[in-house]
Amino acid sequence: MLKLFSAFRKDKIWDFDGGIHPPEMKSQSNGTPLRQVPLAPRFVIPLKQHIGAEGELCVSVGDRVLRGQALTRGRGRMLPVHAPTSGTVIAIAPHSTAHPSALAELSVIIDADGEDRWIEREGWSDYRAHSREALIERIHQYGVAGLGGAGFPTGVKLQGGGDKITTLIINAAECEPYITADDRLMQDCAAQIVEGIRILAHILQPREVLIGIEDNKPQAISMLRAVLADAHDISLRVIPTKYPSGGAKQLTQILTGKQVPHGGRSSDIGVLMQNVGTAYAVKRAVIDGEPITERVVTLTGEAVSRPGNVWARLGTPVRHLLNDAGFCPSADQMVIMGGPLMGFTLPWLDVPVVKITNCLLAPSVTEMGAPQEEKSCIRCSACADACPADLLPQQLYWFSKGQQHDKATAHHIADCIECGACAWVCPSNIPLVQYFRQEKAEINAIRLEEKRAAEAKARFEARQARLEREKAARLARHKSAAVQPAAKDQDAIAAALARVKEKQAQATQPVVIQAGSLPDNSAVIAAREARKAQARAKQAAHPVADSAISGGDPRKAAVEAAIARAKARKQEQQAGSEPAEPVDPRKAAVEAAIARAKVRKQEQQAGSEPAEPVDPRKAAVEAAIARAKARKHEQQAGSEPAEPADPRKAAVEAAIARAKARKQEQQAGSEPAEPVDPRKAAVEAAIARAKARKQEQQAGSEPAEPADPRKAAVAAAIARVQAKKAAQQQVVNED
């Protein structure tokens with residue numbers, strides 16, 4: 001009795017709520033063996049054919065590749081993809097892929113060479129000799145992913161299971177109508193599938209291994225039983241046909257009686273599930289050393305003349321496979337990738353086959369029926385009765401339409417497996433699955449944005465905390481510096497005190513101050529006399545240089561004289577004196593030219609180096625500038641405007657001045673000037689002083705005519721130059 005009870009418990013199966021029984025339509029394609037499809041001339045391999053990020057490219061345009069050669073590198077959840085055949089990489093560019101919107105994803109495009117040459121394959125026939133980590137890494141690097149539809153990387157899934165997995169379930173239910181890829185694979189490759197299951201069991205070391213298969217696959221069941229006849233480590237469980245019994249949570253409940261909690265995974269209750277196609281791919285990767293480059297695809301529907309299951313290379317265009325099956329499209333022909341309940345319609349047929357492509361359905365118009373108009377929900381609760389996840393689809397529908405994301409999340413919309421059972425039974429023809437997919441996408445986008453905002457806030461708070469710490473440390477340093485002087489400051493203070501003490505010690509004789517005594521300045525006087533003697537000696541050593549330096553430019557002297565005259569006139573006006581006689585710019589120019597000629601002649605007579613001859617044209621220009629400056633000073637001082645100069649007379653006078661200057665230069669160059677006698681110069685200076693004194697006396701007796709500041713400035717300039725030259729000549733004569 002105990003044995004019978006144990007046997008009953010061993011083969012016991014459970015049921016799940018909900019579910020539907022749609023027409024199976026599997027007999028169209030499961031009756032013919034697997035066959036190969038001729039190679040397509042061009043393959044398009046998307047870099048992302050799984051859940052996770054795409055891998056890093058390791059080929060470039062123009063490279064020749066072999067079948068099984070890695071096109072990308074896989075790190076973490078980045079699963080590598082491999083070349084489906086030998087050929088040449090002609091492009092790496094975005095291409096439309098297997099997606100309801102045919103989104104463009106980065107793909108490697110290969111032109112096949114028709115040789116279909118493999119890379120060097122190295123199989124591990126004795127896989128038990130390798131470690132668990134090595135087997136998982138090999139499975140990952142050979143590109144094995146879940147072939148049941150999810151596309152989750154198998155290596156990552158095995159690594160995450162760890163030691164907490166007690167039950168390994170092999171999903172062979174294949175519950176969706178029309179699809180027979182797993183059924184045909186189990187009929188033709190049952191031994192290889194069982195070998196792959198044993199590799200997975202060796203990695204996970206579970207207590208039990210269960211194979212769940214629906215009872216509508218008698219040939220596959222018989223083949224598996226034949227292979228497992230002598231096996232005691234693997235149990236085959238035949239379950240009733242019911243859609244969607246192939247769901248991960250539903251099959252787990254059927255075989256173990258355990259329910260996966262809301263928001264959880266099968267691994268949370270010690271269960272890990274793999275598809276039969278995945279087990280076959282694991283066997284080829286580990287034992288045969290072949291990366292996943294092909295998979296079984298069901299070609300079915302009334303629009304194809306030769307339905308069946310084929311080995312389709314990854315990257316093969318859908319059009320190529322359908323044409324091989326005798327595709328006869330109608331006017332409004334649709335092609336569905338996947339089954340009629342969970343699949344999606346392809347916008348065009350140039351998309352490639354990927355790892356999750358298990359079926360290509362090309363139905364006729366009568367087979368699918370005419371599209372029906374969506375009506376309002378009548379709250380019949382048929383969708384709730386059919387839901388295998390125990391959800392309330394009608395409530396989720398209202399929340400999705402009303403953008404009530406919080407309520408949709410509270411009603412566990414994330415647990416929806418998008419099986420389509422609710423839409424199948426809906427009498428109002430509401431596409432509930434489409435609403436749920438859109439709502440889940442919006443919720444995921446909101447959560448992603450909230451996560452980014454939280455990360456940004458955390459970074460900001462960390463920065464603020466760091467700034468506060470730095471500020472506190474800076475204030476602490478300032479306080480410590482204010483309380484106690486720095487070491488170098490103390491050293492400087494100590495050095496200064498030492499110097500003061502040393503000076504005090506050196507002062508042995510005290511300073512005595514006597515009242516009424518005069519200071520002894522003899523040393524200071526002697527130093528001053530020495531500096532004077534040194535200056536005289538230096539001046540005598542360089543008489544010519546001093547002469548050259550001290551000698552002023554007569555042209556500059558004339559300009560300075562004109563400016564001096566203007567300043568003197570302005571000062572007279574400010575002092576309130578009578579306005580001087582208006583300045584005649586023509587006379588000023590003539591006087592400036594004569595003054596320059598006299599100065600030049602005196603320089604030549606003194607024996608100094610001849611100055612550069614004055615250009616008459618430059619003299620005329622300078623005279624014009626002097627006239628303009630004088631006129632401007634007159635206007636600023638507010639004096640009466642002078643009589644406007646006649647330009648013709650000014651030109652004549654300038655020409656006469658230039659002729660006189662040129663004549664004086666020629667005379668100075670033809671005969672050398674006599675050296676100036678200092679005694680004569682002294683006599684002339686005395687006579688000049690006497691004349692000046694006499695003029696002053698006359699000015700005191702009777703009022704003189706107001707002096708012309710211009711003439712006074714010119715005379716002063718000439719006197720300064722003459723005195724300077726006489727002094728230089730006297731020094732030369734004394735030497």
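Quick reminder: no glycine exception, Cβ is built from N, Cα and C everywhere.
Annotation comment: Swiss-Prot describes Cys377, Cys380, Cys383, Cys426 as [4Fe-4S] cluster 1 binding site. The C-beta environment of Cys383 ([4Fe-4S] cluster 1 binding site), restricted to residues of the same chain at least 6 apart in sequence and closer than 8 Å, consists of Pro393, Gln394, Ala421, Cys422, Ala423, Val425, Cys426, Leu432.
DSSP assigns Cys419 ([4Fe-4S] cluster 2 binding site) to coil in the three-state reduction, outside any helix or strand. Taken from Swiss-Prot, the feature [4Fe-4S] cluster 2 binding site covers Cys387, Cys416, Cys419, Cys422, and the record attributes it to sequence analysis.
Taken from Swiss-Prot, the feature domain '4Fe-4S ferredoxin-type 1' applies to 368-397, supported by sequence analysis. Averaged over the domain '4Fe-4S ferredoxin-type 1' (368-397), the predicted model has a pLDDT of 91.
Annotated domain '4Fe-4S ferredoxin-type 2' per Swiss-Prot: 407-436, in sequence order, evidence recorded as sequence analysis. Residues 18-20, 22, 243-244, 247, 249, 262-263, 341-342, 372-378, 380, 382-389, 391-393, 395-397, 399-401, 443 of the same chain, all 6+ positions outside the domain '4Fe-4S ferredoxin-type 2' (407-436), place their C-beta atoms under 8 angstroms from a C-beta of that stretch.
Residues or ranges marked as region 'Disordered' in Swiss-Prot: 562-713.
Comparing Cα positions, Cys377 ([4Fe-4S] cluster 1 binding site) lies closest to Cys387 out of the binding-site residues Cys387, Cys416, Cys419.
Ranking the binding-site residues Cys377, Cys380, Cys416, Cys419, Cys426 by how many other Cβ atoms lie within 10 angstroms of each Cβ puts Cys380 at the bottom. Cα separation, Cys380 ([4Fe-4S] cluster 1 binding site) to Cys387 ([4Fe-4S] cluster 2 binding site), rounded: 13 Å.
Most Cβ neighbours within 10 Å, among the binding-site residues Cys387, Cys422: Cys422 holds that distinction in the structure as shown. Residues Gly18, Cys383, Ala386, Pro388, Ala389, Leu391, Pro393, Ile417, Glu418, Gly420, Ala421, Leu432, Val433, Phe436 surround the recorded [4Fe-4S] cluster 2 site, their Cβ atoms falling within 8 Å of the Cβ centroid of Cys387, Cys416, Cys419, Cys422, which are themselves excluded. Excluding the listed site residues Cys377, Cys380, Cys383, Cys426, the same chain places Ile378, Arg379, Ser381, Ala382, Pro393, Gln394, Tyr397, Cys422, Val425, Pro427, Ser428, Ile430, Leu432 with Cβ atoms within 8 Å of the centre of the [4Fe-4S] cluster 1 site Cβ atoms.
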